[in-house]
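> Below is a structure I'd like to ask you about.
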C-alpha cells in the first residue's frame, strides 16, 4: 500500500531538483580590463567555464548573433565602432554567461575607468588613454571641472580609498603634438556605506520569496495529508484487529 512521503523528504526532493536545473554560468572577462576603448585598440574576450574532457569549443554571441569563433578567447586585433555591443559566451558544461558590454569610441583621448560605480573605501583608477598609444604630454585629470592631478607625461590617476565626495564628472586633457586634446566626461558614483547594502540584501529576491511561499504551502498540505492518512490507517487496523462478541438475548 502506498505511503505518503514525509514533508521533509518532499522539500529535499524539490530543492535538489531546483539546484540541478540551474548549471553554473560562464563568465566573460576583458583583457585589458577596460570596456571602453578607442578604435584600433586590441581587445581580447576570455570565456571562463567548465568544459568536457578534450573539448574546449566555445560559443560566442555579439548582440545576440552567434559568432563563428569557437575558441575560449575571442581576439579583436583592430577594434572598430561596429564591434561595440554585448558579448556572451557558453562552454560545453556551462549555461550562457551574462552579457558584457563593450563600447568603442572615436577620438584622440579616452578616460578609462575600471568601475563607474564604486563602494566607499574601494580604490578608483583612471587612465587617460590615447589613440594608438600616441605620446601625450602635460596630462591633467579633472573632477567637476576642477583639476585634480597634473603630470608632464601620461600617468594614471589613482584614488586609494573612495569617499562620497569623490563622486562626480571626470575627464582628462593633454597635449598631442601641438594640439590640446580632451576626453569625453565620465560619471563616477561612489556608493553609500556597506550597511545600507546589508539592509537591502536582507530581503530576498522575488523568485526566492515565491519559492519559499510555495514550499510553505506544500509543507502545510503534505503535513495535513500525512497525519490524516496515518490516522485513517490506524483506525482501519484497529477495526480489523478488534474482536466482536455476540450474546444471546433473553
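In case you wondered, yes, glycine gets a Cβ from its N, Cα and C as well.
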> Which is it, of 192-208, 209-225, that Swiss-Prot names as transmembrane segment?
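Checked against Swiss-Prot: transmembrane segment maps to 209-225.
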> What's the CA-CA gap between residue 63 (N-linked glycosylation site) and residue 89 (disulfide bond) in angstrom, rounded?
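It is 11 Å, counting Cα to Cα.
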> Using a Cβ cut-off under 8 Å and a sequence separation of 6 or more, which residues in the same chain sit near residue 89 (disulfide bond)?
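The list for residue 89 (disulfide bond) reads 26, 28, 45, 47, 49, 58, 59, 60, 61, 74, 96, 97, given in order along the sequence.
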> If you measure residue 56 (N-linked glycosylation site) to residue 172 (disulfide bond) at Cα, how many Å is it?
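Just about 42 Å between their Cα atoms.
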> Cβ atoms within 10 Å, counted per site: which of 56, 63, 180 has the most, among these glycosylation sites?
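Of the glycosylation sites 56, 63, 180, the most buried by Cβ count within 10 Å is 56.
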> Which one, from the disulfide-bonded residues 47, 172, has the smallest tally of other C-beta atoms lying within 10 Å of its C-beta?
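Least crowded of the disulfide-bonded residues 47, 172, by Cβ count within 10 Å, is 47.
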> Can you give me the Cα-Cα distance between residue 172 (disulfide bond) and residue 180 (N-linked glycosylation site) in Å, rounded to a whole number?
11
